[in-house]
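Per TrEMBL, these features apply:
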| type | residues | note |
| --- | --- | --- |
| DOMAIN | 530-711 | domain 'STAS' |
| TRANSMEM | 100-127 | transmembrane segment |
| TRANSMEM | 133-150 | transmembrane segment |
| TRANSMEM | 183-210 | transmembrane segment |
| TRANSMEM | 248-279 | transmembrane segment |
| TRANSMEM | 291-312 | transmembrane segment |
| TRANSMEM | 340-368 | transmembrane segment |
| TRANSMEM | 380-397 | transmembrane segment |
| TRANSMEM | 417-437 | transmembrane segment |
| TRANSMEM | 474-506 | transmembrane segment |
Amino acid sequence: MEHLQEHEASLEQTQRYCVQRPIYNEELLQGQLHRRERTPQTLRQKIAHSCRCSSKKAKSHLYSCIPILKWLPRYPVKEYLLGDIISGISTGVMQLPQGLAYALLAAVPPVFGLYSSFYPVFLYTFFGTSKHISIGTFAVISMMVGGVAVREVPDEMIPVGYNSTNVTDSLDFDARDTKRVQVAVTLAFLSGIIQLCLGLLRFGFVAIYLTEPLVRGFTTAAAVHVFTSQLKYLLGIKTSRYSGPLSVVYSIAAVLSKITTTNIAALIVGLTCIVLLLIGKEINLRFKKKLPVPIPMEIIVVIIGTGVSAGMNLSESYRVDVVGNIPQGLRAPAVPDIQLIPAIFVDAIAIAIVGFSMAVSMAKIFALKHGYAIDGNQELIALGICNFVGSFFQSFSITCSMSRSLVQESTGGKTQIAGALSSIMVLLVIVAIGYLFEPLPQTVLAAIVMVNLKGMFKQFGDIAHFWRTSKIELAIWVVAFVASLFLGLDYGLLTAVAFAMITVIYRTQSPQYRILGQIPDTDIYCDVEEYEEVKEYPGIKIFQANASLYFANSESYTSALKKKTGVDPCAVLAARRKAQKRHGREIKKANANDVEASVKHEIANDELPVNGRFAEASVQDMSPDEQERFVEPKPNIHSLILDFTPVNFVDSVGAKTLKSIIKEYKEVGVRVCIASCSAPVMNELTRLSFFDNTVTREWLFHSIHDAVLACQVKARSVLLSEPLPAQARSEKRSVPPTN
């Protein structure tokens, strides 16, 4: 294999090509090409075409909206079923304790975490396009939901008798939890509608605005929020839950203020569970290839914790907080509280976009690894249906879980059947054995949450990585982390997205500018400052900017052009006017003092004042010092080529700037050409009325090499057409004939 690759590489290096063709500018090229005739459709025709229905089109739309109809009839039972069963059981074993634990993050009773681990997961089997991601509760989304629930229903807001106006010191926790469940359910309802609308409108591209550095910085900050919120459960102390700006600071201060009331029994149980979970994860990681399935340490810890709590009666004897009542069976569907929508609308948008971004990013990773395609818009619709329908059954917002998805994929999961089986396991717990987990200490759930944050805390290593690769991406990561940490996850996300957009504008406003030269004996042009072999053509400057030309960078483009080429038309014209005035003063002085001196000046300077004004002097009339000052480093520049290869678009301001550049350089005798202009940019220039009598398509060339050759031909023709200077003519006449 290596010999074959070496042979192919040697063939590539020895191959040569030679092409003989005319020098093409755009006018000549378009004259030789024939455009395809296209009949534009009217709006009525477009609507009629989109509304036209056939059996094939209806079938395609049905398969697109409900993907299970396409892949389930072709399901290879013998090949896939065993792997899906093992994967479904393994994922379901993780789904159960995580559902209970993440319900604490969402500030709702644990049973609602089980509901959120059943309905949405089962629905995704029918509507999702990813075969490997595990839908359900996730720490970041649960934390965002809990922040909104606590903000709308704080501990101090609900007195005894929820609708009563009499405020007492004791709180009715059942009424508080009921109201928080209403907030969480309405939030899922609204975020589901938003995701559905975005999917139906084909807005799946919105996820691209959440770049990888932004998401990683945001999730790292969310991990800090989650870890902080679980400290009180680990320590067994009673503190209020905070949301909004500086909630992390307030939470840490509240924990430290009551650190002396730590429940030692709860702390011992929690730390023991953390140690067991870390050991289990390390074993699974080191012996991943040898173990048929990962050791389900989370469910093992839940079972041990429940047994110890029930056997030692930790709730009564040591006042350890436990999960409490888990009602059996499924609840009847109920309509969410619509009146809460105005207060939580912005939060729902953030949750909808973050949830979709995390799900689609994981789905793309698995799709690339296993060689299948996912539909981003259908993923939006699937998540929207999961959240929208699930909200009627008291589930809160969900998305893809990274840890469960990795388990589902690594244990042999092949299709969405694995997710359906995991949801059925959760259903069995809800309807049959849920009451067995009522003695489970909350500190065990806190330990599960904290250990699952290990992967997110490893993202602090991104700082060193982005420091080496990209300072701008590092800035995005830091801003996303700091803003989300101190402003809260909602305002932090908005701040991070705004900053990421600013970096895009900054990059286009501050592109890299370079002067190009030719690699000898080729038509390849590179940066003259980068390579020693690259040489410039005498009298020709090739300028390139790696950005589009529009209102935000048009001024910097012009400034960089003058600086890089060393030719400032305004400075050259100013120097000419200055030289004219000086020559005029010298001529007047000579005329006043001596007629002979005046005659000598006329010989040296052919131009005399006309109607009190002097004509503009050419570049040759300037003194050598002035030429060296204003036309550095090559005073003989006659052509300027603008490489438009990186230019994607030009707006009206950019077109005016381009026209101004051509006009200014023409006044000082420099011809400006444009090379490698793409067809869309050409069409934009045409729409902007860029071409007229002064600027034609003859100024545009298909490639840099075409432009260079055309400039050389033009320079030679101008040189041959210019008359010889008077001194040269006299010297030519005085040369005697040779024998």
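Just so it is clear, glycine is given a Cβ too, placed from its N, Cα and C backbone atoms.
Model, not experiment: these values are computed from the prediction.
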Comparing 183-210, 248-279, 340-368, 417-437, 474-506 for Cβ pairs under 8 Å with the transmembrane segment (380-397), the winner is 183-210
Let me check one thing: do the transmembrane segment (248-279) and the transmembrane segment (291-312) come into contact, meaning three or more Cβ pairs under 8 Å with sequence separation of at least 6? yes
Counting only residues at least 6 beyond its ends, the same-chain positions whose CB falls under 8 A of a CB in the transmembrane segment (340-368) are 129-133, 135, 138, 140-141, 144-145, 148, 152, 182-183, 186-187, 190-192, 194-195, 198, 204, 206-207, 210, 212, 215, 218-219, 374, 376, 379-380, 383-384, 387, 397-400, 402, 405, 409, 489-490, 493-494
